[in-house]
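Undergrad: To start, I am sharing the structure in question, which I have written as structure tokens.
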Amino acid sequence: MGQAKSQFTEEELQDYEDLTFFSKKEILFAHQKFKKLAPEKVGHNKNAKLSMQKILEYPELRVNPFGDRICKVFSSSNDGDCTFEDFLDMMSVFSEATPKSVKAEHAFRIFDFDGDDMLGLSDLKQVIERLIGDQNRLPESDMKFLIQNILSEADLDDDGALSFPEFEHIVDKSSDFTNSLRIRL
Amino acid sequence: MSGGKDRKSKNKTKGWEEAGSEFYQESYPTDLDGAIHKDPSAIATLLPSKQNRFATTRRVRPGQQDTKTSKRRQSSTTVNRRKNSTVRRGSQHNEVQVAMLPDLSENLTDEERIWEEIHEIKSMPVPMAQKKEMKAQLQNATKLRLQGIDQIKWQRRKAWQQLQTKWIEFYTKMELWRNSLKTIEGNFGTGVVAYFLFLRWLMFLNLAIFVLILSFIVIPHIVLQEPTDKDCDSLNEPNSTACCSADYINETTNNDFFILDIIQGTGFMEKTMMFYGFYTNKIFGYNAYVNSSVVEVDSPMYYDLPLAYVSVGAVYLLLSLVAIVKAASREFKDRLVEGEGQFYQYCNLIFGGWDFCIHNEKSANIKHKAIYNEIKGLLQAKRMEFERHNRSKEVMFKLISIRLAVNIFVILILVGAAIVIYLLFSIHIEYLKPTSADSPDTSIFKTLQSIYSLNSSTNEIDASNQPIRENRASADAPIEELMTNLFFEFLPYLAIVFMNLLVPLIFNYLVQFERYSPKFVIKITLLRTVFLRLSSLAVLLSRFYILVSNDLPEGHCYMVRTPMCWETYVGQQFYKLFITDFATHIVVTFFINFPRSLLARHSNKKFVKLIGEQEFELSKHVLDVVYSQTLCWLGSFYAPFLPAIAVVLNFFMFYIKKFACLINSKPSPILYRASRSNSLFMFILLLSFVVAVVPVVYAVAEILPSKSCGPFRGLDSVWEAAITAFMKLPLFFRNIIFFFGTAGFAIPCFVVLTLLLYYYYAVSAANKHMVEVLKNQLVLEGHDKQFLLNRLSAFLKQQQEYQKKMRQPDHHREYRNDRSSRADNSD
């Protein structure tokens with residue numbers, strides 16, 4: 001930890017503490033984890049930009065079906081490559097202290113594959129496909145039936161897609177959502 | 001993709017460079033043009049309601065609109081934040097006042113406001129670089145210094161917040177088993193972690209109970225000077241409390257079998273603070289006995305141990321109840337918010353189905369599989385629903401008869417188990433009772449050593465009803481005999497424990513025939529197993545009851561055929577059961593299941609795999625923990641150190657279960673949800689709490705305490721201690737309390753409570769109706785909007801086409817089109 005400490009000034013740490021849901025200790029710990037992904041690169045430059053492949057080596061992200069989406073959403077350059085600040089943002093959103101609304105916001109963008117600010121049919125289909133994994137296949141009719149059920153539950157204005165308020169509405173009522181969208185540092 | 005991204009970033013930069021309420025007006029028109037040129041139907045995505053917060057990032061200086069949105073957001077999050085928002089409203093008020101001052105521009109906000117805003121940046125969904133910029137801008141902004149009382153208030157809030165973060169930091173550092181939880185979570189997901197959190201919660205509950213007992217019973221007992229005892233006057237009153245106590249205390253104990261004593265709670269253990277019998281009936285600071293009716297107060301300061309004993313008992317039961325209800329109500333509230341039943345089951349599954357904490361390849365695969373199964377199951381259930389309504393009568397009849405048969409069989413098994421335990425317990429008592437029924441050879445219950453007097457004890461029995469002294473020579477008994485005795489000593493407990501292990505397997509097998517839905521299968525097997533455990537406990541308790549409920553013969557210290565101090569005896573039995581239970585967990589986990597899992601891992605044979613592979617069955621493990629907790633509640637009145645033992649054993653239990661979970665089992669293909677399993681745990685715990693409390697309360701209120709031991713010797717019931725203490729209160733208080741018991745208080749109170757209940761029922765019904773209405777309204781609005789948008793986009797398309805045609809070089813065609821489109825428009 002001593003090494004990590006020397007890479008940040010007290011001011012930077014204070015900034016990070018104010019701007020994330022972490023304490024200073026946790027921020028340093030997060031940096032350690034970040035450094036582990038690419039020790040040399042981060043050793044030279046504490047805020048080095050790591051490629052998406054490198055970031056996806058983080059255990060929780062590696063097995064996460066939405067790993068690449070997460071990287072893209074948090075990447076400040078929008079291509080999936082993350083600096084430490086992006087990584088810290090990511091961890092902060094997935095931390096325990098983060099309120100549901102913030103998590104919902106990011107979850108919505110993670111699930112929104114085509115970036116049209118709506119979870120349309122293709123988005124939902126991709127989400128489901130990723131969730132059940134490569135080995136398992138749902139027959140086309142089941143998939144349709146499932147999506148139809150989802151929309152009938154959540155699509156309040158019947159436009160065939162979930163907008164953010166609709167999504168937030170579901171998430172508000174789901175007690176599992178905060179639990180599942182959590183990565184312990 | 002590109003269009004959306006473009007717009008987003010444009011919004012973003014615009015959004016927060018722009019100030020004030022012109023935000024919407026200013027940023028939308030430019031966007032609108034761009035988007036509409038590309039695709040007129042994209043207009044729907046520009047509606048404010050379709051935007052997420054990322055797209056409409058707030059400006060730095062919130063004006064009217066912004067506080068509205070942020071307030072809405074805050075109210076939807078935690079209580080803590082809600083508190084913040086009320087505070088904010090206060091500060092807004094301040095701002096208004098400030099704004100009224102002539103010299104100050106409206107932009108100038110005070111320090112507190114800025115400080116609050118800096119804290120709010122963290123929940124904004126923008127990259128860190130932007131957040132930093134925002135913070136810097138906020139810090140550099142000109143601000144009003146707070147003065148006077150506001151300054152002090154703000155400082156206090158700042159300090160308080162700092163303290164809070166410090167505390168959270170400290171707490172997370174101290175958090176027990178943090179790493180273990182992470183590992184478990186990474187491999188098994190949140191549902192299983194909820195179980196371990198539950199285990200930890202129970203440990204802290206036991207710790208709280210023990211601290212209570214320690215500080216109000218044990219420590220006073222050690223620290224305070226016991227008043228001098230009146231000597232036993234064995235000539236005149238051979239059966240006075242003093243004599244009986246002396247009798248009990250003077251009874252020799254044999255320390256030859258140290259280890260045996262420890263596991264049985266006998267011998268030297270018996271006369272320690274471990275058990276009820278050791279505690280005194282004296283009031284510290286008094287010079288008299290508690291049971292003699294007239295008590296002279298020597299000093300104004302006194303400590304009434306019997307009263308403390310009974311009230312601590314009441315308090316820790318109450319504490320447990322409150323803790324359970326509090327935890328359960330939280331779960332219950334969550335369930336309620338989720339809507340009626342499984343309202344959002346599909347959305348929950350899709351959007352909250354993946355545990356982001358999973359970090360293990362293998363578990364991830366299983367998780368995929370589990371979600372896949374759950375989806376299929378849900379769809380299947382949905383389809384089956386139609387079928388179920390159309391099920392033919394014949395099939396229905398067959399199914400019902402099968403279910404009936406299975407249920408009868410289950411009940412038979414339960415009854416059979418109860419009978420077996422009863423018989424074994426009788427054998428246990430008979431075996432340990434070497435002499436005929438008329439000789440009250442009670443000491444035998446307490447010490448194993450006394451069993452050795454089996455052959456010779458008849459010589460030792462005096463004519464009187466005094467218990468025999470142990471035969472010290474018996475310590476030389478051969479080891480086989482010792483083992484048989486030990487076996488008989490533990491026989492009923494072993495039987496209970498084995499029954500708990502085996503019978504659930506039968507239940508699991510039987511439930512397959514009943515063809516319930518998978519979720520219901522879990523619930524019903526769990527319920528049956530709970531009944532099994534509780535019924536075995538009930539038999540045990542009733543056996544105890546028969547043992548102690550005999551009338552005390554006139555002029556005797558002990559009842560016929562009961563131990564000298566039955567409370568201690570009961571405490572010992574629970575202690576034994578507790579230890580046996582824990583030992584079986586160790587044995588089963590490390591010596592049975594561990595080899596099994598090793599076999600499964602290193603062998604490829606199908607049969608071996610079938611035996612060896614095990615899943616972490618949540619319900620079974622929950623039962624284990626709840627059962628030991630029930631024992632703790634039942635026993636801790638008679639063995640005050642039982643909660644302490646429970647804390648220690650819970651601590652080790654965590655590691656045992658962790659071993660069982662991580663090493664022995666593979667992740668279960670059933671999807672456990674944290675919320676669902678939590679409410680299940682609390683329900684079972686509540687059930688067994690009720691079962692545990694009833695006998696304890698009955699014993700406290702009704703059963704005659706032993707004359708020779710414990711804090712309540714000589715009283716008619718334990719509760720009498722509380723009543724005598726109550727009678728010592730000033731008349732005024734007594735009258736008040738009595739008033740609560742009269743009809744004059746009870747009836748109005750009842751009426752008021754009923755009215756309140758009705759009121760809340762009406763409110764909730766009205767709210768439910770309101771929700772319905774609003775939902776319908778929302779749907780209607782949605783349709784309206786859809787309609788308007790369609791009209792609008794059709795119009796825009798038309799206009800575009802029109803413009804395109806206008807630009808065409810052919811003048812004639814343009815003219816013709818112009819006319820035709822004009823005709824269209826006029827339609």
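Cβ from N, Cα, C; glycine included.
Found this in TrEMBL, in case it helps:
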{"type": "COMPBIAS", "residues": "B:70-86", "note": "compositional bias 'Basic residues'"}
{"type": "DOMAIN", "residues": "B:565-675", "note": "domain 'TMC'"}
{"type": "REGION", "residues": "B:1-22", "note": "region 'Disordered'"}
{"type": "REGION", "residues": "B:43-94", "note": "region 'Disordered'"}
{"type": "REGION", "residues": "B:803-827", "note": "region 'Disordered'"}
{"type": "TRANSMEM", "residues": "B:192-219", "note": "transmembrane segment"}
{"type": "TRANSMEM", "residues": "B:307-325", "note": "transmembrane segment"}
{"type": "TRANSMEM", "residues": "B:404-425", "note": "transmembrane segment"}
{"type": "TRANSMEM", "residues": "B:490-510", "note": "transmembrane segment"}
{"type": "TRANSMEM", "residues": "B:530-548", "note": "transmembrane segment"}
{"type": "TRANSMEM", "residues": "B:637-656", "note": "transmembrane segment"}
{"type": "TRANSMEM", "residues": "B:680-701", "note": "transmembrane segment"}
{"type": "TRANSMEM", "residues": "B:736-761", "note": "transmembrane segment"}
Undergrad: Are the transmembrane segment (B:490-510) and the transmembrane segment (B:530-548) near each other by the rule of at least 3 C-beta pairs under 8 angstroms (pairs 6 or more apart)?
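TA: Contact criterion met.
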Undergrad: Out of B:307-325, B:404-425, B:637-656, B:680-701, what stretch is closest in contact terms to the transmembrane segment (B:192-219), meaning most Cβ pairs under 8 angstroms?
TA: B:637-656
Undergrad: Just to confirm my parser: what is the rounded mean pLDDT across the domain 'TMC' (B:565-675)?
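TA: Over the domain 'TMC' (B:565-675), the predicted model scores a mean pLDDT of 83.
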Undergrad: Quick one: find which recorded stretch in B:404-425, B:637-656, B:680-701, B:736-761 has the most Cβ pairs under 8 Å with the transmembrane segment (B:307-325).
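TA: So the stretch in question is B:680-701.
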Undergrad: Mind checking how the domain 'TMC' (B:565-675) divides into helix, strand and coil residues in DSSP?
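TA: For that range the per-state counts are 87 helix, 2 strand, 22 coil.
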Undergrad: Which sequence-distant residues neighbour the transmembrane segment (B:736-761)? Criterion: at least 6 residues beyond either end, Cβ under 8 Å.
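TA: For the transmembrane segment (B:736-761), the far contacts come to 726, 729.
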